[in-house]
Amino acid sequence: MTLAELLRLARQRLEASGIEDAALDARLLVEHFTGTSRSDAIAWPDMVTESQAVAAVEAALERRSAGEPVHRILGFREFYGLELSLSAQTLEPRPDTEILIDAILPFMRDVAAREGACRVLDLGTGTGAIALALLANVPDATAIGVDVSADALATAARNAAGLGLADRFTALRSDWFSQVNGRFHVIASNPPYIRSDDIAGLQAEVRLFDPVRALDGGEDGLQPYRVIAAQAAAHLEQDGAVVVEIGNTQRLEVISIFENECFRLLEARRDLGGNDRVLLFAVA
Ligand SMILES: C[S@@+](CC[C@H](N)C(=O)[O-])C[C@H]1O[C@@H](n2cnc3c(N)ncnc32)[C@H](O)[C@@H]1O
């Protein structure tokens, strides 16, 4: 089968299964499992693909048709220009979280320029997405990525090594701050923030493939923010900042949780869809 024929078959198969982004997903799967690029498909459409690669694409199409997200099948996802491996216990990093990176980078660059260092604590690091994107963009920064999941921490450490950031990244198994020592210039977190009762109603791609521990924020979805707000000041350098991702209805509640712990809001950002997404705080 030629590359062009395989691409066509893949797209048709996914369209027939009702997959929304059939053309894009077909291209991603075919490129990955045949080891080809987009320009190969344009320059060499008649290139004959090996039967092993065709079989791998067929198996991937079956998984995608059954509802598995395309990046879970590929085993990686791009975040802030970095390719990050996924595993069973890691959330797929989302484009919305890139807003958090944009929000805190200027602050980190100022700290690094002033002090020659910038220490970051990433609470609930998953794939390491937040910590690694920050390290990749601030050469003087170091980060500790905390998670309760050993599998997530192994994935984060592997991602750090693959990106050449291992010497500035430490993976730490901890229930939020319980094993954390020292003070940081930045405490960042994208904690689980879905209400427990809302998990069952999530899209199947999220509900069935993202780990529940990465989603469930307790009865009102706010429990992790309470823990983080209560203990952050004790782990923050003077003039440090806390930056958190929030659910789109949680802005006022999360601001009030942090204000009750003597923080003040520095900045609130929305995502590309216009939803409240990121809050930045300093000690009041
Ligand atoms: C929404 S995911 C965020 C993952 C990653 N930071 C990102 O933005 O893609 C939340 C993460 O918090 C971790 N987590 C849940 N409860 C935790 C706890 N008590 N202490 C530390 N991490 C926790 C989960 O395992 C998961 O990796």
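Glycine residues also receive a Cβ, built from the backbone N, Cα and C atoms like all the rest.
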Per TrEMBL, member of Asp102, Asp147, Asp210 binding S-adenosyl-L-methionine alongside Gly124, Thr125, Gly126, Thr127, Gly128, Trp176, Asn190: Asp147
Residues of the domain 'Release factor glutamine methyltransferase N-terminal' (5-75) by DSSP state, where helix covers H, G and I: 51 helix, 1 strand, 19 coil
Least buried by Cβ count (within 10 Å) of the binding-site residues Thr125, Asn190: Asn190
Pro191 (substrate binding site): nearby binding-site residues from Gly124, Thr125, Thr127, Gly128, Cα cut-off 10 Å: Gly124, Thr125
Sparsest Cβ surroundings (other CB atoms within 10 Å) among the binding-site residues Trp176, Tyr193: Trp176
